[in-house]
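Read through the structure below, which is laid out as structure tokens, and then see the notes.
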């Protein structure tokens with residue numbers, strides 16, 4: 001890295017906020033809009049899929065997805081996401097951010113569309129093709145995590161870097177909200193055009209054949225906003241930091257110190273030097289993201305089941321197919337509007353003021369408090385007169401997840417690792433999170449079943465019940481709070497200071513310990 005490269009890095013650290021920053025936020029954010037829309041919209045239509053393809057004639061209740069099918073439909077995209085995070089994280093460091101960025105969006109848009117066009121009308125054919133395409137959809141989504149975070153971190157100045165990365169991630173909340181709104185609109189249109197009685201009144205008439213279009217339209221719609229930004233992604237230049245620190249690393253150094261720095265910092269991901277310098281921070285980012293996503297994805301994917309359990313969503317047999325989609329979407333949209341989306345934007349507003357560590361610790365703490373507050377007196381909250389209180393408390397767990405670790409676990413890994421390994425380390429951290437999401441998606445599906453075998457959903461074994469499942473999630477949030485002590489505070493520091501690329505001799509002053517100011521440091 002020559003004198004010109006050093007000047008570029010210094011200029012980026014103090015650059016004023018300009019139009020290209022906001023353009024980058026929109027372009028990267030639309031990818032996250034599609035990410036969240038596609039990952040979470042399946043929870044809006046899974047009950048409809050059960051009605052359409054698994055209703056048994058003469059049964060007392062509408063059909064539901066069998067356990068293995070429900071697990072696959074809910075979890076296969078998360079498996080693809082995990083694989084994509086590892087692969088594209090690595091590829092982003094090898095080939096550059098720009099060359100890979102457009103590919104991930106193309107995969108997302110294509111697979112989002114073909115997921116809604118799943119073949120056939122028989123359960124096995126539809127579910128098999130839906131799961132196949134959702135795996136590859138997740139693969140593209142996985143690539144967006146490390147690339148979007150890394151690109152935004154490398155574009156931003158050190159003063160507003162946290163807010164810029166958080167703004168990109170906040171589009172996840174917009175995607176969740178949009179999924180609910182689209183489901184409300186589509187189900188309302190179909191309910192008006194093809195009115196149907198409740199299942200218990202006339203089982204066959206409650207499910208007009210046109211209902212098959214509802215889930216397909218909802219699934220496909222998420223591709224549209226992302227597709228509109230494809231051209232913008234292809235026109236984005238390679239980040240200056242990657243160019244200066246990776247592509248140009250063999251340019252003759254301007255001083256002997258920089259020559260030594262270039263040599264000293266050539267270690268690889270699996271070296272002892274990496275382990276010594278970045279091992280604990282990587283453990284902190286992977287463990288907290290893993291624990292957070294167990295709770296976060298359990299809550300998001302299965303909130304419809306929790307709301308049904310407490311009676312906020314009526315029993316399926318008292319509604320038609322389109323009415324059930326509408327009421328599930330309405331409940332989830334209300335939660336998203338009142339807690340999920342505000343939580344993301346509170347992070348944008350305060351992250352460069354409070355710092356990452358404080359927000360993450362606060363978020364895990366209040367998630368633990370509110371989860372226990374609804375779990376232990378669960379029988380009290382399940383009474384009809386207390387349901388609104390339950391919904392408010394439950395919504396607060398979403399608020400502090402997003403004004404907390406769901407945002408910070410995405411931001412910190414994009415800031416604290418060297419440029420040549422930044423995308424890879426973010427991908428590893430994100431993949432750890434998706435491993436937690438898979439556990440949450442599969443585990444909660446079974447764990448939340450009633451303890452009485454006679455009251456479980458068709459085909460499911462008895463579980464530990466919703467109350468005990470919520471207690472487990474509260475414990476997981478508490479453990480996440482403990483592992484947050486391993487996470488460094490990057491607020492207000494240059495990426496090169498944080499990673500040790502700026503000055504090898506002062507690396508240990510680059511990453512401050514949790515909750516510490518500029519005058520104290522911890523070994524890394």
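Keep in mind that glycine also has a Cβ here, set from the backbone N, Cα and C atoms.
Feature annotations, reproduced from TrEMBL:
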- 20-45: transmembrane segment (TRANSMEM)
- 24-492: domain 'Major facilitator superfamily (MFS) profile' (DOMAIN)
- 65-88: transmembrane segment (TRANSMEM)
- 100-119: transmembrane segment (TRANSMEM)
- 163-190: transmembrane segment (TRANSMEM)
- 213-231: transmembrane segment (TRANSMEM)
- 334-351: transmembrane segment (TRANSMEM)
- 357-376: transmembrane segment (TRANSMEM)
- 388-407: transmembrane segment (TRANSMEM)
- 427-448: transmembrane segment (TRANSMEM)
- 469-487: transmembrane segment (TRANSMEM)
- 494-524: region 'Disordered' (REGION)
- 498-508: compositional bias 'Acidic residues' (COMPBIAS)
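Within its own chain, the transmembrane segment (469-487) is flanked in space by residues 280-281, 283-285, 287-288, 291-292, 294-295, 298-299, 356-357, 360-361, 364-365, 367-368, 371-372, 374-376, 378, 405, 408, 412, 444, 447-448, 463, 514, which lie at least six positions past its ends and keep a Cβ under 8 Å from the stretch.
The average pLDDT for the domain 'Major facilitator superfamily (MFS) profile' (24-492) in the predicted structure is 87. The stretches the transmembrane segment (388-407) and the transmembrane segment (427-448) are not in mutual contact, being linked by fewer than three Cβ pairs under 8 Å (pairs 6 or more apart in sequence). Within its own chain, the transmembrane segment (427-448) is flanked in space by residues 67, 70-71, 74-75, 78-79, 81-83, 85-90, 92, 142, 145-146, 282, 285-287, 289-298, 301-302, 305-306, 309, 409-410, 413, 460-461, 463-466, 468-469, 472, which lie at least six positions past its ends and keep a Cβ under 8 Å from the stretch. Note on the transmembrane segment (213-231): residues 26-27, 30-31, 33-34, 37-38, 41-42, 44-45, 48-49, 52, 102, 105-106, 108-110, 112-113, 115-118, 175, 178-179, 182-183, 186-187, 190, 321-322, 325 of its chain, located 6 or more positions outside it, place their CB under 8 angstroms from a CB of the stretch.
Of the two recorded stretches, the transmembrane segment (163-190) lies close to the transmembrane segment (334-351), with three or more CB pairs under 8 Å once pairs fewer than 6 apart in sequence are set aside. Within the same chain, residues 162-163, 166-167, 169-170, 172-174, 176-177, 180, 303, 359, 391, 394-396, 398-404, 406-408, 411, 491 sit at least 6 positions outside the transmembrane segment (334-351) and bring their C-beta atoms closer than 8 Å to a C-beta of that stretch.
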